[in-house]
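As recorded in Swiss-Prot:
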type	residues	note
BINDING	G220, S221, A222, N223, T224, G225	NAD(+) binding site
ACT_SITE	E243	active site
ACT_SITE	C277	active site
Amino acid sequence: MTLWINGDWITGQGASRVKRNPVSGEVLWQGNDADAAQVEQACRAARAAFPRWARLSLAERQVVVERFAGLLESNKAELTAIIARETGKPRWEAATEVTAMINKIAISIKAYHVRTGEQRSEMPDGAASLRHRPHGVLAVFGPYNFPGHLPNGHIVPALLAGNTIIFKPSELTPWSGEAVMRLWQQAGLPPGVLNLVQGGRETGQALSALEDLDGLLFTGSANTGYQLHRQLSGQPEKILALEMGGNNPLIIDEVADIDAAVHLTIQSAFVTAGQRCTCARRLLLKSGAQGDAFLASLVAVSQRLTPGNWDDEPQPFIGGLISEQAAQQVVTAWQQLEAMGGRTLLAPRLLQAGTSLLTPGIIEMTGVGGVPDEEVFGPFLRVWRYDTFDEAIRMANNTRFGLFCGLVSPEREKFDQLLLEARAGIVNWNKPLTGAASTAPFGGIGASGNHRPSAWYAADYCAWPMASLESDSLTLPATLNPGLDFSDEVVR
């Protein structure tokens, strides 16, 4: 029984699904998808649970959320192993994901008070008040790269605000989704407040098509995000928060310490086997001898990166991709770019058939026209040379995406120029692209999405503002508008 609906674990009535470790092939999870009727059942349960959950005080809802945080802490080792085995990422990185889940809860609670709590301003004849109210029933779509942390960034703020939820994890990480849901169950969530439906495309389409849905919170690919946007078009009554991908540029301008710059670039491009929406996809490198030396060092160090199993000792920097198919898609993208005229500096290699262990790839595309503006979701970096910083900024902005942009340079003036001209939601200076502050907005513009699905700014789209003018008594104004006469003679 792998669906959790209205407080009960039930068996899915849809297609059967088996999840294997992407490196070893070990069977980790088996179950059945939720069919359309079960998705509707989950929605009815969430709708029935909404009034009571929304009417609880914030303090009462907060108790449940904080209990969940405690369960994450006490089950950290077990959840770390589940995430690592299911995604293929090394144990050390899965542990950082669980830590991030725990830390985001305190941030979410503070954010609710600061951004969407209650405010009151006294007026001569009363007061002006601002309150926030939950939307109702929300669908949360989770991604596979951070199957615990990223859905958590939607679920926790939504629950604090008083919403009820239908959660669909990625079909590639059903085990992680179920494991997190069992912790919510232990935390004492009332039946129907949070419901789990497993499944792929058909389940997702049934969920997003629900008429009795007040909103949808999505993290995933741009293609799926666009489909959801089209599906919900013409329904302004539904909140739609999309966090999608990026074709992120990293500008290497002047390099004082080549090793430090190479380290930053590898952290930006290849951590999580390149499976972060924040990863650098385009390396913009200043022409010249210094750029040549940097690139040679980057290739040499990247060549020594060997992906390994989640529990290898010593731990590898990167593990496998989410599936062999995902790894093969990266290889195919490299082959296509090479056929277009790209110069391969480091060829990505699948270490063993039947696994997802893929070595990093680097290809130079300077002077090649018609390069697709697409996110290749894996350890693969494309390189372009530039001559002037103005040219670098134009190249950085030459994308339909707008999530992340980074600059390596000792010159503050160039960073200030980039801040003024960059089309990106996050712009870093001498910091990896894969680093972001939890207390800052996270998200982008253009094809990278809307809203800001971090714990801090997620509060904004998990509740709607209600403004009020209030007075505890009704009195006739001392001064009336022209044309109004309440004299005794007129009244009689």
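Note: Cβ is positioned from N, Cα and C throughout, glycine not excepted.
Here the features listed in Swiss-Prot are placed on the structure.
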{"residue": "G220", "record": "NAD(+) binding site", "Cβ neighbours (10 Å)": "22"}
{"residue": "S221", "record": "NAD(+) binding site", "Cβ neighbours (10 Å)": "15"}
{"residue": "A222", "record": "NAD(+) binding site", "Cβ neighbours (10 Å)": "21"}
{"residue": "N223", "record": "NAD(+) binding site", "Cβ neighbours (10 Å)": "12"}
{"residue": "T224", "record": "NAD(+) binding site", "Cβ neighbours (10 Å)": "19"}
{"residue": "G225", "record": "NAD(+) binding site", "Cβ neighbours (10 Å)": "22"}
{"residue": "E243", "record": "active site", "Cβ neighbours (10 Å)": "27"}
{"residue": "C277", "record": "active site", "Cβ neighbours (10 Å)": "28"}
Environment of G220, S221, A222, N223, T224, G225, the listed NAD(+) site - residues of the same chain whose CB lies within 8 A of the CB centroid: F218, Y226, Q227, M244, G245
DSSP three-state assignment (helix, strand or coil) for G220 (NAD(+) binding site): coil
Between C277 (active site) and A222 (NAD(+) binding site): CA-CA distance (Å): 10
Three-state secondary structure, C277 (active site) (per DSSP): coil
G220 (NAD(+) binding site) and E243 (active site), distance between Cα atoms, whole Å: 7
Rounded Cα-Cα span from C277 (active site) to N223 (NAD(+) binding site), Å: 13
DSSP-derived structure type at G225 (NAD(+) binding site), helix or strand or else coil: helix
DSSP-derived class (H/G/I helix, E/B strand, else coil) of E243 (active site): strand
